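Positions annotated as domain 'Phosphagen kinase C-terminal' by TrEMBL: 18-255. According to TrEMBL, the ATP binding site annotation covers 21-25, 84, 128, 179-183, 208-213.
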């Protein structure tokens with residue numbers, strides 16, 4: 001994940017104001033251990049101990065605190081729920097494949113002081129590494145993610161295959177296991193479904209409502225993310241998202257100009 005290869009000049013002025021927030025995450029598993037459906041409780045606890053120790057050694061912007069789900073204070077739990085950080089026990093599909101075993105033992109959440117860097121331990125994958133912040137600075141978000149992932153892998157090598165890429169519990173995440181997204185205001189383009197979908201297809205991005213897959217937009221605000229995972233680099237996929245968002249901003253501005 002070489003953030004220096006990313007070509008995304010900062011958005012400025014009215015263009016930047018259209019983007020509410022930016023979020024990039026990757027899923028990772030450790031090469032030393034089986035995936036979640038086959039891991040033992042002792043192994044899961046070892047993953048938690050290894051990764052949480054590494055995270056708590058971070059300094060500077062990445063410095064933060066780790067919260068084990070089975071030892072969490074009520075006040076911390078309420079705050080994490082209010083921040084929309086706290087992940088829950090998996091659904092019936094995760095239950096069926098064994099990912100809910102021993103819940104909540106061995107699971108936890110780390111976040112830095114500014115709440116722009118977050119790691120889930122032993123959810124669907126052993127690591128969900130997340131970088132996010134308000135606004136449109138995609139490069140800053142990707143740089144933070146890349147830096148953190150590199151530091152974690154110095155302590156715990158990630159499971160990776162030369163052909164399949166990073167190994168994940170869900171096959172749809174194989175490859176980069178990366179999702180880069182923005183929440184963006186597109187009230188006019190959102191009403192032009194054909195044009196909206198054409199731009200999305202051209203730049204390999206996906207359109208969602210801000211409450212997740214299969215949800216509708218709230219007041220013309222959409223979640224735009226990369227569609228591809230496999231066969232491309234992390235830089236390629238963040239670039240897809242950036243290029244798609246730029247094209248959507250230009251289309252929104254053209255529609256606004258015709259209304260004047």
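Using the three backbone atoms N, Cα and C, a Cβ is placed for every residue, glycine included.
With the fewest other Cβ atoms inside 10 Å of its Cβ, the least crowded of the binding-site residues 128, 208, 211 in this structure is 211. Counting Cβ atoms from all protein chains shown, residue 24 (ATP binding site) has 27 others lying within 10 Å of its own Cβ. Over the domain 'Phosphagen kinase C-terminal' (18-255) the predicted model carries a mean pLDDT of 94. Most other Cβ atoms within 10 A: among the binding-site residues 21, 181, that distinction falls to 181.
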